[in-house]
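A.B. asks: Below you will find the structure I want to go over with you.
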Amino acid sequence: MSTVSLEFGSTFADCLARTVAADARLADAAAVIAACAEAAVDVSEVIGRGMLGGADLAATGGNNSDGDVQKALDVLAHERFTEALRGAPVAVVASEEAEGMMQLNPGAPLAVAIDPLDGSSNIGVNMAVGSIFGIRPVVAGEADSIASFTTPGTEQIAAGFVTYGPATSLVVTLGHGTQIYTLDRETRTFRLTHPRLEVVASAKEYAINASNARNWDGPVKAYIEDCLRGSEGPLDKDFNMRWLGSLVADAQRVLLRGGVFLYPGDNRKGYAQGRLRLLYEAAPIAMLMEQAGAGAIDGERRILDIGATGIHERVPLIFGSIDEVACVAKYYGGRNAAAGRSPLFGQRGLMRS
Ligand SMILES: O=P(O)(O)OC[C@H]1O[C@](O)(COP(=O)(O)O)[C@@H](O)[C@@H]1O
Ligand SMILES: [Mg+2]
Ligand SMILES: [Mg+2]
């Protein structure tokens, strides 16, 4: 969206229209994001009413694709987003809450990966949760196969997430910078509040679930140990720690004030690749980060270069301020041993697609 000037306070619809006027190729992706925004307004209202809405949103039901217990809000958000996407140019959807791919509109040009409700452990305790989506082209003639989802994240045309927090935010990129829109509850309209995010290169805040410390992989253990040593250790600065337990909320904080987020692989059964899913968590967040001048890696590889082999595949995820991500990469050694000087990290712009 950098090619058009988007003004603070403009409606989301107006910004999308201006963007499409500048680049007609984005029309379909814009229609999909508009559909996601409509669904998000409804989900936001349901969450905002809490227990007064007449249903316990944290009530548990079956299990999802990953074996996680599904809560009522997981299912409600999945159904509302799927319904919205059915009215958009979307051929196929991969959702965290559905085992297989969902065929929507045969012949439509786009494939969408969604996490309808992110941060499920925070449902029912009045904490921020969210929705995440990544939009890709359907690989020609392959709408019925997984092919549209196995291409690397660089193929994403657009990505975004919603944070249902004290305010409801829509964070989006169509490949020209990352913007944040805030929901005006009176008019049920998103308005532009952050026209162009630029994540600070260096920061002193990290986010990690420290209860897994004994199980982390070696490089992350060493990095966090050095963070804890603060100005008395090799990193030579004192850190603060924040962990919200909702990827979207942690990602929004990183976008707005920098820092680094880590969900590494660990020794727990089933956690060799961490907890977060490549298609509908890591890849969209990585695109939003890179479009804001930040970075996202799995330790050794750029997240956006990784192709999935299954729709629910997990990936270790480290993202945030570019210098901090480069610093973590050094702990992983390998081809990014000299990350601070490597072409991948040497210039902020090279992390962008
Ligand atoms: O169980 P942990 O280690 O706290 O995991 C927290 C992470 O899991 C997630 O809740 C996973 O997402 P879902 O709630 O969509 O499954 C992330 O939002 C969050 O960062
Ligand atoms: Mg999630
Ligand atoms: Mg989820």
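Quick reminder: no glycine exception, Cβ is built from N, Cα and C everywhere.
TrEMBL annotations: computationally assigned, not manually curated.
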A.B. asks: Given that TrEMBL annotates ASP115, LEU117 as Mg(2+) 1-binding, name the residue from GLU83, GLU96, GLU142 that shares the site.
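C.D. replies: Looking through GLU83, GLU96, GLU142, the residue TrEMBL assigns to the Mg(2+) 1 site is GLU96.
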A.B. asks: Same Mg(2+) 2 site as ASP115, ASP118 according to TrEMBL: which of GLU7, GLU225, GLU232, GLU281?
C.D. replies: GLU281
A.B. asks: Could you tally the C-beta atoms, other than its own, that fall within 10 angstroms of the C-beta of ASN209 (substrate binding site)?
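C.D. replies: Looking across every protein chain shown, the total is 14.
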A.B. asks: In whole Å, how far does the CA atom of SER120 (substrate binding site) lie from that of GLU281 (Mg(2+) 2 binding site)?
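C.D. replies: One finds 13 Å between the Cα atoms of these residues.
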A.B. asks: Which binding-site residues from the set ASP115, LEU117, ASP118, SER121 come near ligand 3, judged by a Cβ under 6 Å from any of its atoms?
C.D. replies: ASP115, LEU117, ASP118
A.B. asks: Mean pLDDT, the domain 'Fructose-1-6-bisphosphatase class I N-terminal' (57-195)?
C.D. replies: 95
A.B. asks: Name them in sequence order: residues not among ASP115, ASP118, GLU281 whose Cβ is within 8 Å of the mean position of the Cβ atoms defining the Mg(2+) 2 site.
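C.D. replies: In sequence order, the nearby non-listed residues are GLU96, GLY119, GLY130, SER131, ILE132, PHE161, LEU247, VAL248, LEU276, ARG277, TYR280.
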A.B. asks: Within 10 Å of the Cβ of GLU281 (Mg(2+) 2 binding site), how many other Cβ atoms can be counted across all chains shown?
C.D. replies: 26
